[in-house]
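Here the structure comes first, spelled out in structure tokens, and everything after it is commentary.
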């Protein structure tokens, strides 16, 4: 039915280099009770977890988990959803958007249940679950790159998008429509603020940041769809067409890729659940699932109206190619007042800033794990601060050196798509071991294979699109 306890303890030993300092007491063959009543709900905790930022504090609750999920779930990619509809049309756009939402919700449920697949043992990191499911070598191969890409890559995209949005905001506020700062300077301003916000000691302490980020995300999504509905209520739709002109394989799958990118974020589910207390009477999966349902309901309330209203208002005027989010923000605000445009850009920038520390946390946790393994002691405040400054500088340098990364979002994101749509299904089969050819086994195999096939098709379509359209690779010239 589940992983043997001894295997999980062996996993911890292998991850920490086998040092006794980082190993739990010798495991027995019987399941260990969750000792939440004795240690504040931190049952199954190994010593090294007390030193790492993701599991340093387990005093979270349904509210902290909800806002963490909201802040990381309302991503900047939601702005691109109307572009996907411009390529797919009303019917197929709605079907794919809905199927993707349900698919993401299902795989999230799988991860929530796998967090404590064995009583007394908590797996609070996606990479660790991959290793527990597929073995050390294969688990690291399949898990580390996508998770590190989703962490560092998301922060890099946030620097590019947030920096460009700052520049656009300054242009809107200026009288002559010029920005007083260059793109690099705007990237630097964004990175410095984000770097400061990343100095919170652990994931649970980021609750205030997530709260602000969630409200900012809800605010800009709501205003973006309300403005065209309010201003176009008396307007006829003669000038707007909803016909899809290009029905090629490349065009269609690029649009599907834009929708798929919205549903990233499963790399943070286990980490957020790791901040919750757990005991035999109230396991963390119950609290986490309530948070997942609330956050996904709010994300749907933001995402679906924005997509439908903006596509209804602009139709074929929306570029269906994707690319920088700032171009779409400019399109959505150009027909409205300066105050409205400033509000949308400002809330969007704050949302990006608040998302940055949460997305950076898995990378910080992995780097600190390496440090702790070598030094056999927890990272000091200075060391932790310098590690986060270093990671932020890396993201800033990549953003300045490769400012065209938003044009490659579907190509690179197709690899990380497996984290959301594929791996959880096979993890469930590996750990829970349902009876072969049972409905649950067949369903997870089918869903997992569909996710892998989708990833391959998106990779092929993105590569073909690059071959056809080319890429303006403006290295170090943002």
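Each Cβ is built from the backbone N, Cα and C atoms, and glycine gets one as well.
Swiss-Prot has this to say about the protein:
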- 1-63: topological domain 'Cytoplasmic' (TOPO_DOM)
- 15-45: region 'Disordered' (REGION)
- 64-86: transmembrane segment (TRANSMEM)
- 90-112: transmembrane segment (TRANSMEM)
- 113-140: topological domain 'Cytoplasmic' (TOPO_DOM)
- 141-161: transmembrane segment (TRANSMEM)
- 162-177: topological domain 'Extracellular' (TOPO_DOM)
- 178-198: transmembrane segment (TRANSMEM)
- 199-205: topological domain 'Cytoplasmic' (TOPO_DOM)
- 206-226: transmembrane segment (TRANSMEM)
- 227-241: topological domain 'Extracellular' (TOPO_DOM)
- 242-262: transmembrane segment (TRANSMEM)
- 263-291: topological domain 'Cytoplasmic' (TOPO_DOM)
- 292-312: transmembrane segment (TRANSMEM)
- 313-340: topological domain 'Extracellular' (TOPO_DOM)
- 341-361: transmembrane segment (TRANSMEM)
- 362-379: topological domain 'Cytoplasmic' (TOPO_DOM)
- 380-402: transmembrane segment (TRANSMEM)
- 403-406: topological domain 'Extracellular' (TOPO_DOM)
- 407-429: transmembrane segment (TRANSMEM)
- 430-439: topological domain 'Cytoplasmic' (TOPO_DOM)
- 440-460: transmembrane segment (TRANSMEM)
- 461-478: topological domain 'Extracellular' (TOPO_DOM)
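If you average pLDDT over the topological domain 'Cytoplasmic' (430-439) in this model, you get 93. Ranked by the number of CB pairs under 8 Å to the transmembrane segment (292-312), the listed stretches 64-86, 90-112, 141-161, 380-402 are led by 64-86.
Counted over residue pairs separated by six or more positions, the transmembrane segment (407-429) shares at least 3 Cβ pairs under 8 angstroms with the transmembrane segment (141-161), which defines the two as touching. Packing against the transmembrane segment (206-226) from elsewhere in the chain are residues 60, 63-64, 67-68, 70-72, 74, 78-79, 197, 200, 298, 302-303, 305-306, 308-310, 332, 340, 343-344, 347-348, 350-351, 353-355, 357-358, 361: each is 6 or more residues past its ends and has a CB under 8 Å from a CB in it. Two recorded stretches are said to be in contact when at least 3 C-beta pairs lie under 8 angstroms, sequence spacing 6 or more; the transmembrane segment (178-198) and the transmembrane segment (380-402) meet this definition. Of the Cβ pairs linking the transmembrane segment (380-402) with the transmembrane segment (64-86) and spaced 6 or more residues apart, fewer than 3 are under 8 Å, so the two regions do not touch. For the transmembrane segment (141-161), the partner stretch with the most Cβ pairs below 8 Å, chosen from 64-86, 341-361, 440-460, is 341-361. Using a Cβ-Cβ cut-off under 8 Å and counting only residues 6 or more beyond its ends in the same chain, the transmembrane segment (341-361) has close neighbours at 53-54, 68, 71-72, 74-76, 150-152, 154-155, 158-159, 161-162, 165-166, 168-169, 172-173, 190, 193-194, 197-198, 200, 203, 206, 209-210, 212-214, 216-217, 219-220, 223-224, 268, 271, 329, 332-334, 388, 391-392, 395.
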